[in-house]
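Summarising the annotation, Swiss-Prot assigns topological domain 'Cytoplasmic' to 1-39, 111-125, 198-205. What Swiss-Prot records for 40-60, 90-110, 126-146, 177-197 is transmembrane segment, and it gives sequence analysis as the kind of evidence. The topological domain 'Extracellular' annotation in Swiss-Prot covers 61-89, 147-176. Residues or ranges marked as N-linked glycosylation site by Swiss-Prot: ASN154.
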Amino acid sequence: MGIGMDSSTMSGPLVAHSGILDGDYEKRPAVCKMQMRFDLANVGLRVLSLACSLVALVSMASNQESGVVTVFGFKLPVYSKWSYSDSFEFLVGASAAAAAHSLLQLLLCGMKMVKRASTIPSRNHAWLLFAGDQVFAYGMLAAASAAAGVTNLNRTGFRHSDLPNFCKPLHRFCDKAAISIVFAFISSLILGGSAVLDVFWLSKN
């Protein structure tokens, strides 16, 4: 007497997971395609986040300039440096931390893809990534907002005198600060996108 068994009704440890957790690409080509798209999106966001964080970091950490301004007929030397502002120091620190986070996750993703495994091996890992991406996203947003909202740059940026418009004699300093702030905002958005991608993965597993 033959006994028939419907594999679709089976449950337990012998049944393959229906989500995208498993990295067994050869046996499940449909899952492979979806998994590959997710992994490429994950790696792409990590690369962009790393690049933007590094631009924000380098632009600000190398930002200093000296010049001469004329006040009431007197020429006064002025000098500005990023470390004179607490907000700029915060931005440098946040950018360095975000860059380190992005680099670490990028390396881990690369190692997983070389082994043809999912870049997120478990739900616990996904939750950890989600928390980390959120922390760094809000950190970069706060740092960029603080740097953009600085109103007391005359005191922190000048050694010799208070001037109402220090960007006129030190335009290069202001331009580099603006570049750093813009890329910090972009990095924050990208890290937020990574957090959304983490949620997508969790919803599928």
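Backbone N, Cα and C define each Cβ position, glycine as well.
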Original post:
Cβ pairs under 8 Å with the transmembrane segment (90-110): which stretch of 40-60, 126-146, 177-197 has the most?
Top reply: 40-60
**OP:** Summarise the model confidence on the topological domain 'Cytoplasmic' (1-39) as a single mean pLDDT, whole number.
**Re:** 54
Original post:
Residue counts in helix (H, G, I), strand (E, B) and coil for the topological domain 'Cytoplasmic' (198-205), per DSSP?
Top reply: 7 helix, 0 strand, 1 coil
**OP:** Determine how many residues of the topological domain 'Cytoplasmic' (111-125) DSSP places in helix, in strand and in coil.
**Re:** 7 helix, 0 strand, 8 coil
Subject >> DSSP-derived helix, strand and coil totals, residue by residue, for the topological domain 'Extracellular' (61-89) >> reply: 8 helix, 16 strand, 5 coil
